[in-house]
Structure formats: C-alpha cells, structure tokens
C-alpha cells in the first residue's frame, strides 16, 4: 500500500515542501512558501511540471501549511487532507540527544527547543514548521530528521576538541557535523551502484555546495567529518571561512575595532570564495572570471579545491584506504573543473579518473567518472535529502 509523505524544511520565514509517494520514492509535487510573516508572501507549487505562483499575506507557518493543504486539494493532488500519511521535518541540530531520527512527541519538541542554543538560527525555525503540521494534521506521525544524527557514530578521538575536557561535559562543546542526511543518502546510493554491501565499503563523501562538508564513512557509519561545533568549520565555502587559526579572532578584533559578533559575521558571511575573490560566492561566476584572466578568482578556486583535496587524503589515512569517493550537492554534481582539481594527483592512492566521463556528468546526471581499472571508484550522485527524509518517516513513523 503506497503512502504519501511530506518532506519539510522550515526556515524562519520560509517553508519548502515535497510530497513523495512511498516506498516508490515518486515525487508527487513540490513547492515553497516565502516571506512568511511579511507583506506579499509568495506561495509556489508545481502542478504537472508547471510552477503556479500566488502572492498574498501569510501571517505565520500555520497559515502557510493551511494554504499548502488547500492548494493540494484545489489542484487535485489529494482528495482530502487525510490522504497524507506522515510528515518528516529537517531539524538542523539534534546534539548528542538524537543519534537517529525520531517520532515527534511533546517531549521531543521540548528537547529540540532546548538544543536551540546550539543552532539558534535554525532549530527555532524548524520547530515552527513542526508545530504548524502537528496542529493541522494531529492524527498522523510526524518525524524529526536531524542533520547531525548521522555523525553521532564518530568516535571520541574524532569529535573531541583539545580543550579543557569539562567544556565538553558542561557545555556540550564538541564536533557535531552537518549535512548528515545527504551524506547518508549518497553513501547508501554508492553501495547500491557498486552492488556491494555498504558494510564492506570505505567511502569519502564530498557534499560541495554553497555550504560544504566532507565525511569519512566506514562500513556505512560516519567516523569523521569536516564541519564542527557549527557549520563554519572545515573546508572553504561560498561565504564561510572554514578552519582558521582561532587566535585570528582577537587579532582581527584588535586591528579593526570590531566586536567578536561582528568578526563571526564576517567569517560566516563575507569570507570563503566571496572573501578571497572579492567579487562573488558563486562558483560559476568565479569560473568565468578566472577564464577571462582574473587572478584572484582563480586563486579562490585553487584554495577551495585544495582544502577538499587535503581532507580526502586525511580521511583515506583515517580509514586505512578508500574504496569510493562521492561528489554531491550543487558544485559536486555540476562543476567539472572543481572535481578535476580535487582529484588531481590522487593516483598514488589508486584514484584513476577519466576526464571525458567527468565532463559528461552534470545537471542531475549520476555515474562513475573513474577508469574501469581504477582501484578507487569515483562517483557523482545527485543528493536527495527529501527521499532520505521520507524513508525515515516510513521507518520511525511506523508506516512500513
């Protein structure tokens, strides 16, 4: 019996949704509500491949969900709201409390709220979505899917910072990692494509978009990842610095007269590719600029690729080798150039890749870019976090 599952990603003023038929993983419709709580909110829904857009004031997330459900009925996507069997909600931070997805109860809601200090920009917004759906669809399972959960299998030696140990015990200061739902999806898909049990594979997953993280996945479990206590750590990103020497923060404060909050804002929003190039956080713009001879744009691309390259070497060492390297997310799926730069010189590790295959894989295409004889396989997999969310609703919502 097929089930209709809603995969939800709620922001403070937005609500992204996908309605998925399970277990077929067939997309029924998707859409977005923008500018919730502001004038002229925008509601967009896909009907028969066409986007239908309406502009109206939407005061809060409850009203946004109401409008979405009405649109489902108006466009004959469902006959009745009881046709929806479950909802899955992306929650950015599950701390140490949630090592896997969980059916939402009042108690779980309270715990997600308590974890808001670890993700003050995201968890409160995710909760708004959860509360709206629980209010309007009270009789179906609602499941929380945490970005951090997949990385809860990391050993202490990977997640502890070399700080006074009581900081970890008292304040929860440790590496948590993010993009877990994506890393989990592509690692499972890589095993399927190779027709091998995931338990037998050492996978390095490169989720490279405007935000980027690398994960070492040994036997299907995350044993290390590049993001840390927050998504600011790790590799260079669109506007985020990635790892820097922590002593730079007081140094920059002293030199510029800025507060710690202002420096943090710069590290999050004015650094990375944007900071290095001085022109854009968008890799496509920088590639064009580099081609036309802009040295700084080229330098930004080189730094960006070099950091990812370094993590691949590091994680291969952590797992005593690697069987598969996966590229996913906006840049990982579409940038022929970045994949080439990242893979350059990895032959010593058994990575032999085919430039022609690399050039052919973009715009949502899936496939291998290694030569057949390459001991290490290299694969491009478009991520599908929504399908992963829907799978977890089936499992943890008791719908299987």
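Every residue, even glycine, has its Cβ placed from backbone N, Cα and C.
Predicted, not measured: the structure shown is a model, and the values here were computed from it.
According to Swiss-Prot, the protein has these features:
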BINDING   9, 385  Mg(2+) binding site
BINDING   16, 207, 208, 209, 210, 211, 282, 283, 284, 330, 331, 332, 333, 334  ATP binding site
BINDING   90  substrate binding site
ACT_SITE  147  active site, proton donor/acceptor
SITE      179  site 'Transition state stabilizer'
SITE      240  site 'Transition state stabilizer'
Listed recorded positions 9, 147, 284, 385, filtered to Cα within 10 Å of the residue listed as 'substrate binding site': 9, 147, 385
Residue from 9, 16, 147, 208, 284 whose C-alpha is spatially nearest that of residue 179 (site 'Transition state stabilizer'), among the recorded positions: 147
Sparsest-packed of the listed recorded positions (16, 90, 179) - C-beta count within 10 angstroms: 16
Those recorded positions, out of 9, 147, 240, 385, that come within 10 angstroms of residue 16 (ATP binding site) at the Cα: 9
C-beta crowding around residue 208 (ATP binding site), within 10 angstroms: 27
Residue from 208, 240, 282, 331, 385 whose C-alpha is spatially nearest that of the residue listed as 'active site, proton donor/acceptor', among the recorded positions: 385
Fewest other C-beta atoms within 10 angstroms, as judged across 147, 282, 333, 385, which are the recorded positions: 282
Entry from the recorded positions list 240, 284 having the most other CB atoms no farther than 10 A: 240
9, 240, 385 screened against residue 333 (ATP binding site), Cα within 10 Å - retained recorded positions: none
Distance from residue 331 (ATP binding site) back to residue 385 (Mg(2+) binding site), taken between C-alpha atoms, in Å: 16
